[in-house]
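Taken from Swiss-Prot, the feature ATP binding site covers 7-20, 101, 150, 175.
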């Protein structure tokens, strides 16, 4: 069996994602479609609108054969680290190819990645935004800048892939959904951005939402609790007001001095949005601040995140019979640990950061995210 891989968030899974899943299989004629998916906390520093188990099940119902969780210590990082974590997992699973969406798939990402490889160390620090440092280095090396989010992520996939001993085939395809910044759903459209889908769901605009998401996603959004940052604001505010500022300074992605600003603004802010707007300055993007806020909420220190990134692992969230057969084929040669459930030892050691992240999410979601959870086993028929 041969496998194609996708690196995803599915926040939530919409028609553009279903198109991506089906195109991945059709382009590669792969026997197994493997999805690496962020857990309950996402790359833009925010909670997933639906929990990871619901989103994994939706993926299996819409074309995935195997869903692997991208650990929180990669899932909540800037693009280059998010990409590295996902590429590592797909490579470990012996994927032949990786398919991903880009705004401009015609770009020669391989040439750009090769040209800038020697400069990577110059944009892996947190003193300025990743995008700013990245584009400065890319402009100096190639004369090209990448401004679209998925073009930048595509570049990062190429950069991560070329560090592998056996690089995979990378296949960028044109995104079918609207641009991420688009916040409205166009009339008579079957595709919408993730931002527009989330806003419609949170506003309970079901009429606008129904045409742009699969039926099972629509059911999940209309019947389950939907999470947003405002739900977690009291917990974040408590952390910032009670944790010693020296400890706050150790949180992942925290820039020097930002911990004092965050603590001061937490004294007066009444909502999460109010807090972020008060902390915002020209030096930091909203996404960067949300990632720091996520690290503060989950008490993720830079030291423990960097240590964990050196010990990636394969956490199975679900599979179809094809996915199960593929796992059986490769499991004896896996270079990374494979986990299907969390026990006491894993909770305290190897998977402790993901357990912590899930436990905080569970405060609002109300559903166990790790303990007593078994991977989904879905014999799915795609209509």
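Backbone N, Cα and C atoms are what each Cβ position is placed from, and that goes for glycine too.
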Residues near residue 10 (ATP binding site) in space but at least six apart in sequence (CB under 8 A): 17, 37, 55, 58, 59
Assigned element (helix, strand, coil) containing residue 10 (ATP binding site), judged by DSSP: coil
Neighbour count (Cβ, 10 Å) for residue 13 (ATP binding site): 32
